[in-house]
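Okay, so here's the structure we're looking at.
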Amino acid sequence: MPAQASAPSQAPSMASLEAQETGAAPAEGNQMDVGTEKIGAPASPRQKSWLVQHFSLLLRRDRQAQKAGQLFSGLLALNVVFLGGAFICSMIFNNVAITLGDVWILLAALKALSLLWLLYFAACTTRHPHAVLYHDPHAGPVWVRGSLVLFGSCTICLNIFRVGYDMSHIHCKSQLELIFPVIEMIFIGVQTWVLWKHCKDCVQVQTNFTRCGLMLTLATDLLLWVLAVTNDSMHREIKAELNALMENFSGHDTNTCLCLNATVCEVFRKGYLMLYPFSTEYCLTGCAVLFVMWKNVGRRLAPHTGARPETPPFRLHGAIFGPLLGLLALVAGVCIFVLFQIEASGPTIARQYFTLYYAFYIALLPTMSLACLAGTAIHGLEERELDTLKNPTRSLDVVLLMGAALGQMGIAYSSIVAIVATRPHELLDRLILAYSLLLILQHIVQNLFIIEGLHRRPLWETAPEGPAGKPEAEPPRRGSLLELGQDLRRASLAYIHSYSHLNWKRRALKEISLFLILCNITLWMMPAFGIHPEFENGLEQDFYGYRTWFTIVNFGLPLGVFYRMHSVGGLVEVYLEA
């Protein structure tokens, strides 16, 4: 660790000489974060000195130690996930040998270990001298931390409703079941506080222990998500109680455990069912933040990258049509959401409300797809360079966009198979088929537009400069004043050319980005707050069966909500950089 802490104080030329010798930059935990592969100037006799060779050897050893630490912590998380997955699968396929209580005990142990590490990390590791010398400016943007707090609060409220529901059935339930929601509330509260405060930190001390702790917490969140996706015991219990109430009203006795206070239980049931998707959203968001923190352990940045003062504020810049069309879609979505929720509060949902819901999607999704295609074409016409600098947050954003899109696409493909196999003749079935096809297309073209925009260098930003005033994409080298003047002249000409000849392209990108932001907020709001026609229409449930379709929807719906939320963040970045 002392060798690591003193590495930034070494002469910058030594790091550049090492990069020139090996042909690749040193590991991100052992050098200034100045890009990926670099080609330097021809080797000089000074490179062969004993000091430079010794320093290069230290860098190689430190890089190997970092890779070994990442490998070990990754294997730890992999084994924990496989162990928990085996428990959950055993509970699903043989709930006699492995019960839900056994899974809860395992998760409670993992949450307790993760909780102890989170407290140690906040109280000891981050307070160590020289523990956090750098902060990743791209990690933990406001929308990610805000969503983490929002989803964490909703998950805590969900557990409160769960405790209230269990308390109302305490006469026929074990008191031990009340412990697990309390442990989860404490775990989520502490984790949210730690991630909010330290998500940008690049920890330089106790690196291996920190990596293992981050991976253990990530594996715990991932197992909580898997359990929430596959566990339908609470839903079955609520459904059985409602059926028992109907049988009591019809004069038939039943031995089902009923609530002592029907009004209070109805509040707990509604609150639990409405907040259920937020628990899975919190687990996914927490995993994403923990992974970025894991990648940043030992990472060293140039001093100037601690902040981004040059980032322009969020302003409309004369955009009119995009916000107007987006607001129109948002208002229409809110109206349909309210109508559907009012209808869903009754015993059955009329088919015309399903028709209205899917017709809204069929009208909105093609418009969004055309906007994404137009934006992608404009990106191709632009003369902005691609930003090839190493950025773990952006790489994770791309992976999350592609991975989260699989949720709704999986539901859509399952619906297509069910509808085509049953040979539908009704209008609603045809609308669902068209909706599924358009949803797949919209996910594909929107991912192309966002990823293309994220990899374009912002117009307001020239090539990032390193500590010596040179671009980070190039290794530090001795250049003449003439070369520096030519670089400045090229940058100035590119800036003037961009702002004098590309106005219509920038304005179009901003209009498209604002329209897509509002549309994705609309499509995020409708499933996030309890509107689930995929499960209520009954067609796919009759085809696949209750349990299979419950697992498909519970797997895809949280990913779909996460995808819309993550798309909004990516579109904001595209808007700011246009």
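Note that the numbers count up from 1, one per residue, in the order the chain is shown.
Keep in mind that glycine also has a Cβ here, set from the backbone N, Cα and C atoms.
The stretch that TrEMBL tags with region 'Disordered', taken from the ranges 1-42, 295-336, is 1-42. Taking pairs at least six residues apart, the transmembrane segment (71-97) and the transmembrane segment (208-228) share three or more Cβ pairs below 8 Å and count as touching. Segment contact is absent for the transmembrane segment (142-163) and the transmembrane segment (512-532), given fewer than three CB pairs below 8 angstroms at sequence separation of 6 or more. Under 8 Å from some Cβ of the transmembrane segment (178-196) lie the Cβ atoms of residues 104, 107-108, 111-112, 114-115, 118-119, 121-122, 140, 145, 148-149, 152, 155-156, 159-160, 162-163, 166-167, 217, 220-221, 224, 282, 286, 289-290, 293, all in the same chain and six or more residues away from its ends.
Note on the transmembrane segment (208-228): residues 69-70, 72-74, 76-78, 80-81, 84-85, 88, 103, 107, 110-111, 113-114, 117-118, 120-121, 125, 184, 187, 191, 276, 279-280, 283-284, 286-287, 290-291, 293-294, 297, 554, 558 of its chain, located 6 or more positions outside it, place their CB under 8 angstroms from a CB of the stretch.
Of the Cβ pairs linking the transmembrane segment (512-532) with the transmembrane segment (398-420) and spaced 6 or more residues apart, fewer than 3 are under 8 Å, so the two regions do not touch.
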